[in-house]
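Participant: Quick one: this structure, given as structure tokens, is what I'll be asking you about.
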Amino acid sequence: MEILFTGILLTAGLLVGTLGSRYLRVPRVVGYILLGMLFAPNLLGGWLGITDTEWTQPLVSAALGVIAYVIGGAISFAQLRRLGCSIVGATLGEVSGAFLAVLAAVLLLGITVADIPLWSFALVLAAVAPATAPAAIVAVVHQYRASGLLTTTLLGMVAIDDALGIFIFALVMAVVGSGTLESALGTVIWEIGVALLVGGAGGYLVERLSRLSHEQSLLLPLLLGAILLMVGMAERAGFSALLAAMVMGFTVRWFCGPQAERLFQPVEDLEETVFVLFFTFAGLHFNPEAIAAYWPLMLVYFFARAVGLFIGGGSGARLAGAPRSVWSNVGFGLFPQGGVAIGLALLLLHQPGFEQAGEVIVTLIATTTLFTEAVGAISVRYGLRRAGELGVEQAGGEAE
């Protein structure tokens, strides 16, 4: 039954996402999530005999591994040097701004889930907040042929934003999973240190093994096998699977240099399939009862994150010496949230003590993603227009 249901989600999700993108001008991910929500166990899924979502976990873990590997491969030391201080400053500002704003807002609201200590719940929710969705930014830049300092800053920020988000989440989960400061330190060293070492070693081995294959078609099973091994070892040994897969991608990029694209293109060709399954599966966790019970938390998270991103990103860019056109508008381009945030929330479903909180956070993130993805493109376009960088519009009208 699960195979049949997966086929339904894959084909129907792709259809809904494509039609929504073509006729309603919303990102495809919105259609994927809505379709998943429609087939949640407490809606149409229950009529089809789907009473739980445990069966999706292996595919979700594999999808997260693929996404993390691609994110890691999007970053290199040369790129970080080329991006400059203003982009790094803006990124550090928006990440810390979103984290601190959501942390403070949840603590002030005083709402927690399933008897989880308020500080732990606030830290976990704050750790999910910094992640942004680059798709909306890239789509607007391409559609309107935007160019300029703000455009360059936004494109540079999306390259390192998700990586920082994954690292912060791994750090927070290591801390909240420990009872004392001493055990927290040991957990952090294990979960993050081992992930860095294993991910780095895995990336080196992938690069060496790829030299034995002169056929491009053989690289995909090598890469998928390495990613699955990395995720499986992480789940078995208890270190961060996302961080390990991301470091593996970073290491592959580092060792291969200009030739690294051959070790990313096969996986990137699968991205849309991964996205369809990943976001429809995320939608399956939709729980209307959680929305009814925790709608104040949802509103607080949404607005606190927006304020933190705007103030943090602008302040970081300004302190780093960025011009006014950048620091006064960069916050408008950071609004969308999507895949990585949902992926981090899904990980909570199998974190001891956070299972119920994970359901609430997945519902919260999936629901707010619908809005941030839909209006995020408008927000990005507004910021680029204020900075005077919309090439098509300035040439005589907006592109359709």
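Even glycines carry a Cβ here, placed using N, Cα and C.
So TrEMBL says this about it:
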DOMAIN    14-380  domain 'Cation/H+ exchanger transmembrane'
TRANSMEM  6-24  transmembrane segment
TRANSMEM  29-50  transmembrane segment
TRANSMEM  62-80  transmembrane segment
TRANSMEM  92-113  transmembrane segment
TRANSMEM  119-141  transmembrane segment
TRANSMEM  153-176  transmembrane segment
TRANSMEM  188-206  transmembrane segment
TRANSMEM  218-234  transmembrane segment
TRANSMEM  292-314  transmembrane segment
TRANSMEM  326-348  transmembrane segment
TRANSMEM  360-380  transmembrane segment
Participant: Is it the case that the transmembrane segment (292-314) and the transmembrane segment (326-348) have 3 or more CB pairs under 8 Å, with pairs at least 6 apart in sequence?
Facilitator: yes
Participant: Other than its close neighbours in sequence, what residues sit by the transmembrane segment (326-348), given a CB gap under 8 Å and a spacing of at least six beyond its ends?
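Facilitator: Sequence-remote neighbours of the transmembrane segment (326-348) are 29, 60, 63-64, 67, 71, 86, 90, 94, 124, 127-129, 131-133, 135-137, 149-150, 153-154, 157, 161-162, 165-166, 169, 173, 242, 275, 278-279, 281-282, 285, 305-306, 309-311, 313-315, 317-318, 354-355, 357-358, 361-362, 364-366, 368-369, 372-373, 375-377, 379-380, 382-384, 386-387.
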Participant: Quickly jot the same-chain residues contacting the transmembrane segment (92-113) by Cβ under 8 Å, restricted to those at least six beyond its ends, or write none.
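Facilitator: Those are 119, 121-123, 125-127, 129-130, 132, 157, 161, 164-165, 168, 294, 296-297, 300-301, 303-305, 307-317, 319, 330-331, 334, 356-357, 360, in sequence order.
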Participant: By a Cβ-Cβ criterion of under 8 Å, what residues six or more beyond either terminus of the transmembrane segment (218-234) are in contact with it?
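Facilitator: Those are 61-62, 64-66, 69, 195, 198-199, 202, 205-206, 209-210, 240-241, 244-245, 248, 262-263, 266-267, 270, in sequence order.
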